[in-house]
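The feature active site, proton acceptor is assigned by TrEMBL to 59. For 60, 65, 67, 69, 82, the entry in TrEMBL reads Ca(2+) 1 binding site. What TrEMBL records for 156 is substrate binding site. Per TrEMBL, heme b binding site is recorded for 186. Marked as Ca(2+) 2 binding site by TrEMBL: 256. For 28-108, 61-66, 114-325, 193-225, the entry in TrEMBL reads disulfide bond. The domain 'Plant heme peroxidase family profile' annotation in TrEMBL covers 18-329. Taken from TrEMBL, the feature site 'Transition state stabilizer' covers 55.
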């Protein structure tokens, strides 16, 4: 028997339909098997794929809900497209979703939405990166528009202070602890130096470095980020024997709790990350997540990701099921 979601999708239209487990059992019963198989192949070839999909899904769900609007390449009537908003210009992973969609269309044409594929592929990527499994409800539909202006204004900024970060998450129903759990996604992946370098020499226009960066860490970051074109592994701070190899090291696929341990040492790569230690409630969550082998983090990260996956979805006759994830059906 299909199990229904405990929450209605965040749609303003009032459709009574809910997401549920095994939504596609009668129409595409091997859906999750196809996604898992393709993700295993993708991750074998591209170790950073889980981080790329996690960021892609977050940017999609955070703006307008989990409706695959971020995947659209078609322009709105005013000529804008969400994926070209400044916070989205460094997003990657679109090709992975297209690859999975093509495989599913061969097996079950016109049935499975791109929004469901994105949340399923992201969940499987998290598992393949050593993170926790969590069940995903399905039955989402794809948006017929994208949201450029919202993305410009409401994606949390890498240099945002804790008040702004908490405000943006609170507007979407996430409390302080859930916010800290979701930011644990920064455990994996690589960060462009263009997001770090302002902290190193001209913090908030002062012409000086961020005074909260420990001196030894400041020098290390300056060596790793000589210009904006480089990237830094989120594992930079991890005590791993290969870390000394610098920017070429590829150990970005371990979703554990090292992110929180580095914050407690004042060595967050982004200002917004380190700001989690500037608030009593978020700092307490960081401390909890940093202890032992990260069991508390894994449990609460899984719950927060499942909640994010259900945010603001379209269901029933809303939206459409796109044949191509980057284009509207008509």
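The backbone N, Cα and C atoms fix where each Cβ goes, and this holds for glycine too.
Note: TrEMBL annotation is automatic and uncurated.
Note: the CA-CA distance between residue 28 (disulfide bond) and the residue listed as 'Ca(2+) 2 binding site' rounds to 33 Å.
Taking the Cα atom of each, residue 156 (substrate binding site) and the residue listed as 'active site, proton acceptor' are about 9 angstrom apart. Using a 10 Å Cα-Cα cut-off from residue 325 (disulfide bond), the binding-site residues that qualify among 65, 69, 186, 256 are 69. As a whole-number mean, the pLDDT of the domain 'Plant heme peroxidase family profile' (18-329) in this prediction is 91. For the recorded positions 55, 61, 108, 186, 225, 256, a Cα-Cα cutoff of 10 angstroms around residue 69 (Ca(2+) 1 binding site) retains 61. Within 10 Å of residue 66 (disulfide bond), judged by CA to CA distance, lie the following recorded positions from the set 59, 60, 108, 193, 256: 59, 60.
The residues near the Ca(2+) 1 site, meaning same-chain residues not in 60, 65, 67, 69, 82 whose C-beta sits within 8 angstroms of the mean position of the site's C-beta atoms, are 61, 63, 64, 66, 68, 70, 115, 143, 146, 147, 312, in sequence order.
A gap of 25 Å separates the Cα atoms of residue 225 (disulfide bond) and residue 59 (active site, proton acceptor).
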